[in-house]
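A.B. asks: I'd like to ask some things about the structure below.
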Amino acid sequence: MAILQKHGKNSCPDLASIKENPADNIGQAGSQKKWAESSQNWTRPVARVWTVVLLLGTCLLYCARVAMPICAVSMAERFSWSKRETGMVLGSFFWGYCFTQVLGGYVSDRVGGEKVLMLSAAAWGAMTAFTPILAHFCSQPIVSMTISRFLMGLLQGVHYPSLASLCSQKVVESERGFLMSTVGSGSYLGTLVIGGIGSLMLDLYGWESVFYISGLLSVLWAYCMWKYLLKGEGMYRTAGIQSKLSKRNWLRLFRQPAVCAVIITHLCTASTFFTLLSWLPTFFKDTFPDAKGWVFNVIPWFVAIPSSLFSGCLSDHLISQGFDTASVRKLMQFFSMGVSSVFTLFLCGTTTFPTAVAFVSATMGLTTFSHSGVSVNVQDLAPSCAGALFGVIMVYFSGYLIEATGSWASVFGLITVLNLLGLGTFLSFAEARRVDIDLAKGRYHNIHI
């Protein structure tokens with residue numbers, strides 16, 4: 001898959017040594033392949049345009065994704081849903097999300113990530129816009145909303161694998177980090193936008209307007225991308241250079257302790273994030289009924305954006321100063337899962353709205369440090385669907401806990417336990433070195449470039 005393309009380049013010392021002697025190992029054909037790959041990269045001005053477009057697309061992705069959590073309270077009142085039923089609707093998104101992760105990367109490698117992004121955005125944008133219609137015209141809204149959120153998950157699950165594929169095919173390796181971190185910040189920007197504007201629309205025009213606007217804007221983005229960037233291109237097989245490990249080496253890869261540690265940590269990080277993302281609007285409405293939605297739906301994500309950028313700059317600076325890469329990754333993950341858990345526990349005893357907003361903002365801001373911790377490793381080693389799959393269980397189980405215990409403290413306690421489990425695993429077993437190097441040694445014929 002595209003995520004493994006960089007493994008076949010000079011980032012691997014063993015393969016780099018092969019490329020240093022092309023006459024003895026790869027020959028003239030290898031040099032031609034390398035030239036062909038570099039000739040397909042975007043120029044810097046084109047890369048800037050695509051960065052802005054993909055940033056906006058990721059922003060709209062989260063506008064559509066977070067529309068349901070923001071409107072969940074109003075919809076639960078309108079359709080008489082219990083906490084458990086609300087949790088089922090919110091969690092059904094991740095049932096679909098976990099199924100198309102690998103498929104999205106596989107298809108993107110063959111037809112182009114930009115085309116998969118465009119088609120999926122048109123589909124999930126239309127699904128978002130039709131959500132209110134499905135809710136009102138179906139005799140069982142709980143069923144129609146669960147199915148629609150499942151389909152939303154299926155369609156949005158291809159987004160990040162397609163981004164990774166597109167980046168590996170079109171961006172030079174030295175510039176991929178900046179592009180991916182910038183585009184990735186669109187998730188917080190989208191949550192911030194829908195949290196602010198969406199909350200105002202919810203109060204002024206009803207919950208339906210949130211779905212209509214976010215869905216139609218997403219369809220418009222997909223159309224503009226097709227019309228002006230793809231120039232009306234159809235679906236065809238790209239000539240990009242593909243790479244993959246053999247099936248046997250994939251099995252050996254996942255037996256590595258460091259790989260298992262990354263998977264478990266990513267699983268815990270993603271599931272706690274999904275739980276907070278899904279349930280925080282309901283928490284504030286239940287605990288502080290008179291609070292303004294635009295406040296608690298905006299401030300935490302306003303803090304998350306600079307926090308994410310700061311963590312990336314800090315980790316890069318520490319590594320450039322000579323600190324051990326693995327130690328820096330573990331330090332970032334300690335802030336993400338360890339320190340953030342302290343503020344999560346503080347939420348159990350908070351009694352004032354400003355204090356609750358401050359604790360949630362600190363929690364979400366520190367959680368973004370994982371982008372410089374486990375997320376750096378998981379892009380190379382862990383399957384993307386692991387965290388999403390566990391997120392299904394967490395979101396639904398949280399609704400069950402709230403209904404059974406009548407206390408939000410049980411949910412925040414569960415998040416803390418999961419954070420500590422993931423942090424302990426990562427600190428014990430995580431490594432910064434590429435654990436698949438041993439698989440490449442002497443097996444260069446197993447990596448198809």
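Each Cβ is built from the backbone N, Cα and C atoms, and glycine gets one as well.
Because TrEMBL annotations are produced automatically, they should be read as predictions rather than curated entries.
Fair warning: this is a prediction, and the values are worked out from it, not measured in the lab.
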A.B. asks: Examine the ranges 136-156, 157-177, 178-198 and name the one recorded by TrEMBL as transmembrane segment.
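C.D. replies: The listed stretch tagged transmembrane segment in TrEMBL is 178-198.
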A.B. asks: Hey, which bits of the same chain come close to the transmembrane segment (408-429), Cβ under 8 Å, at least six residues off its ends?
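C.D. replies: Same-chain residues near the transmembrane segment (408-429) but 6 or more away: 257-258, 260-262, 264-269, 271-272, 275-276, 279, 283, 286-287, 330, 333-334, 337-338, 340-341, 344-345, 347-348, 373-374, 394, 397-398, 401-402.
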A.B. asks: Are there 3 or more C-beta pairs under 8 Å linking the transmembrane segment (299-319) with the transmembrane segment (49-68), counting only pairs at least 6 apart in sequence?
C.D. replies: no
